[in-house]
Amino acid sequence: MFQVQKELAGHEVVIVALFEEEKMSSFVQELDKAFEGQLQVLLEEKELSTKKKAISKVHSLGKTNVKRYYFVGLGKKESYTTETLRAALGKAFKTLQVAKVQDAAILLDSFVTEKLDAIDVAHIAAEVQGLGTYELQTYKSDKKDREELEKFTAITAEDAQEIEAALTVGYVHGRATNSARTLVNMPPNVLTATKLAEYAVELAEKYDMDYKVLEKEEMEDLGMGALLAVNQGSVEPPKMIALIYKGKEEWTDVIGFVGKGITYDTGGYSLKPREGMVGMKGDMGGAAAVLGAMEIIGELRPEQNVIAVIPSTDNVVSGTAFKPDDVITSMSGKTIEVLNTDAEGRLALADGITYAKKLGANYLVDVATLTGGVIVALGNYTTGAMTNNEELFEQVLEASMETDEPIWQLPIFDRDKERVRNSKFADLNNSPGREGHAVMAGTFLGEFAEDTPWVHLDIAGTSETKGAHDLGPAGATGAMVRTLATLVERFGEE
């Protein structure tokens, strides 16, 4: 699909950057010569817009060997960022998709500034081409054929091999994020814990990873009472899924991802209202993020060791379901008083974290649609984070900045730990109250990470969006897929 060329050569469409500067860039000046000065006129008449995310279409009318040019407004160079570029290109690729364009090129060097080099632009362009044109996988009987871009060419004077490599990495990041989106959007009668495990196994086999899928009896033998308690009310069997990627000769410095895999959450006996229950098919967004990251890792083969653990079940009501006031024993041996059956994700993750440590994880990052509290605190654009290790958190933060997936650190104080340890009947309680809800959930998980360096990512607000946006339609976003993968790719770098 991707090609790299030094010059334009008969493309259907070429994408060109337009900055809000007094002078046209050298690339636009060269084009303007072919247009006999008419581009300058269009700029002066505001027919070509330099505003951020503005898309202006110009027909060549035979003046060049390209049929149409799409000029992408990027605003002022001084405020130009990777986020600006992602948003603008996302809109551009959507426009091409609507126009059913099959052969497009990007004048890569026109997007390059002191802040962003050609490799950065190539990576983002290929990534966004996939993200921006993603379409919901529906179950409608009258499915329409998807329009795909068949050929995409980067026009640049830079080294073709390096640019092609950046295009490939960007494409892999975008495609894997879309894989996660599709998982999150799947209905709960289709994506059960069993089906999620089957998907994970197929992924592992495709990329020659080791894997384990623990069944209920094996979980009982290992004492995974927290996950098993959540599963008590279900007719669907639980699964503890583990994918193991060995990127080094020695099994050291193992990064452990733990993704919440609750395939549907009614709240259990602490029953959600109807408004709160609709959409809970997406409560396995953390599992999807982890699997998306493992897809990228499988494709790119970084020299790191990585474990992905997914505790999976649904949380439903029945005569056998666990109840408020129950006391359960986790795999770690710590006992937990259940005060809220709708705080089930942290119970599943508790055993997932302990199991990841048992498999050899030296560093832990858990990802979960964990609390409504994080949405109240940070909104729908920023992922909440907590940690017991600032050095590991800084690496996660840098990865999130590179991928434009913002995170914000929330605190863990000793008084927070006291609140999750204040049960009269057990070592911990799973729901100390609504105050500081997001912090309480993360603090609870920290009790199981213990001294292992750990970062918690609460994607309850960022995993899905209600409306279409520059990088895709309403629905699942694939939050944290690219951040997790980038963390692995950059892990340990100074």
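Every residue, even glycine, has its Cβ placed from backbone N, Cα and C.
For the Mn(2+) 1 site, Swiss-Prot lists Asp342, Glu344; matching the candidates Asp265, Asp404, Asp414, Asp416 against that entry yields Asp265.
Annotated Mn(2+) 2 binding in Swiss-Prot involves Lys260, Asp265, Glu344 plus, out of the candidates Asp283, Asp325, Asp366, the residue Asp283. A straight line from the CA of Asp265 (Mn(2+) 2 binding site) to the CA of Asp342 (Mn(2+) 1 binding site) spans 8 Å. Across the binding-site residues listed here (Asp283, Glu344), the residue whose Cβ sits among the most other Cβ atoms within 10 Å is Glu344.
Under the three-state DSSP scheme, Asp265 (Mn(2+) 2 binding site) falls in the strand class.
Of Lys260, Lys272, Asp283, all annotated as recorded positions, the residue with the shortest Cα distance to Arg346 (active site) is Lys260. In three-state terms derived from DSSP, Arg346 (active site) belongs to a helical segment. Taking the mean position of the Cβ atoms of Asp265, Asp342, Glu344 as the Mn(2+) 1 site, the remaining residues of that chain whose Cβ falls within 8 Å of it are Val230, Ile262, Thr266, Gly267, Gly268, Ser270, Lys272, Asp283, Asn315, Thr341, Ala343, Gly345. Fewest Cβ neighbours within 10 Å among the recorded positions Lys260, Lys272, Arg346: that distinction goes to Lys272.
A simple Cβ count within 10 Å picks out one of the binding-site residues Asp265, Asp342 as the most packed, and that one is Asp265.
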